[in-house]
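For reference, the structure is listed below as structure tokens.
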Amino acid sequence: MLPLPALLLCAFFLALWVAGGASRADVAGQAIVRAAAWLALVAALLLAAPPRIGRAWPVGLMLGLMLGLALVQLVPLPPVIWQALPGRAPFAEAAAMLGEGQPWRPLAIMPAGAINAAGALIVPIVTFYLMMAVGRAGREWQPAALLILVAASALVGLIQFTGASLDNPFVNDTAGDVRGTFANRNHFATLLAIGCLVAPVWAFRDGRRPGWRAGAALGLVVLFELVILGTGSRSGLLTGGAAILVGVAIVRRNLMREWAHAPKWALPAVVGGVAAIVAIVVLVSVMAGRAAAIDRAFAVEVGADMRVRALPTIVSMLGTYFPVGSGLGGFDAMFRVHEPYALLKPTFFNHAHNDYLEVVLDAGLPGALLIAGCLAWWAWKSVRAWRGPDGSGRAMARTGSAILLLLVVASAFDYPVRTPLMMAVAVIAAVWLAEGPARTGSSPLPAADEHL
């Protein structure tokens, strides 16, 4: 029987799977996942033992800095200071035209966006708290739980691939898209890529022989890759392929050990068989017009992509509001202020589709420093995880490093970590990376962050 913090974490992720696939503030799912987060936090505070943070304290620090940055942007400033901030002159003139005095205003030009940004952080904060409450002793089952979540999403996507309508009332979905429980097919493809990475690690957990898990993991990877083809996500093709390579690299010694006892023809037969299956399915999908990712890769011109066309405007906005930023959560409204006539269209451009640019636009120099600090910590911990000898704890750390790498790459083309579900997955990966392998030569007693 799992302890209470583990049950709360599983229940919370179930709520995230159902309703946490959208980034927009006005979808019904946001209220559900945030309510679930607060309920899980209250239950953990009242009924579970206090968590011990241990080596994962940098993750908590980064979350605290993110929350602090959002709250600072909501502090009202005197008119003299506010009007001196970059990019505020047009809004100050609006008050003067109305014949009103300049009010005290927060740094965020759109305060509602900053309030939503601060409120959204309850999801990663509660995930971190529950992960700490579970402790290192509970890490063994977490890859399997994450794999089940990805597999369930893939099955939903597979049903959508057949043409069946599965509208999710909790997200702003698009009819006919293969997107699982997400509102965005790119975010769905990123989750599937994470599944391709976790599957081999789960198969060789604790360095044990995989047995039936080897076939299951191989089948899941093939399924995930085929569903990625159906999503229409071009970035998913990149991250999915990279995930397989990195996943194999994590368990390479285990694979070599298994193949050492197999006939020489076994490896070429397995690789050739999988390649043949994938090639046949891809060929049939292309002929039937169902390989949306491949079709979009060849059909869309780079110059016609709205993300490319809007890039000069976004770069210009960076210069307008730097170094303080325009305020978290206000990209949509601020882009409409600066949007040139040539980019006007019936649909709206809700994000920059490059989270690094958008964070710097919204949060200015503090946001850039926070991104740099997070990336520097990830690089430092990743080098330590990959340089040491193989082991169960090190495999978890490497998996966490690789998941974060996929999210880092995907965030250059989209905004996956703005969805509640991917926020929580990112926190789990960061905790795995932060904790790393158990220290050698340690006492047989539990570690400082574990319970007796």
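Glycine is treated like the rest: Cβ placed from N, Cα and C.
Annotations in TrEMBL come from automatic prediction, not curation.
Listed ranges 6-28, 144-166; the one TrEMBL annotates as transmembrane segment is 144-166. Your range for transmembrane segment, going by TrEMBL and the list 186-204, 414-432, is 186-204.
Taking the domain 'O-antigen ligase-related' (221-371) as a whole, pLDDT averages 80 in the prediction. Here the transmembrane segment (144-166) sits against the transmembrane segment (211-229); at least 3 CB pairs are under 8 Å, leaving out pairs fewer than 6 apart in sequence.
For the transmembrane segment (56-75), the list of distant contacts is 106-108, 111, 114-115, 117-118, 121, 124-125, 128, 131-132, 325, 327-328, 363, 366-367, 370, 373-374, 377, 427, 430-431, 434-435, 449: same-chain residues at least six beyond its ends, Cβ to Cβ under 8 Å.
Counting Cβ pairs closer than 8 Å and at least 6 residues apart in sequence, the transmembrane segment (186-204) and the transmembrane segment (395-413) reach three or more and so form a contact. Tallying C-beta pairs under 8 angstroms between the transmembrane segment (31-49) and each of 107-132, 363-383, 395-413 places 107-132 first.
Comparison of 107-132, 211-229, 395-413 by number of C-beta pairs under 8 angstroms to the transmembrane segment (363-383) places 395-413 first.
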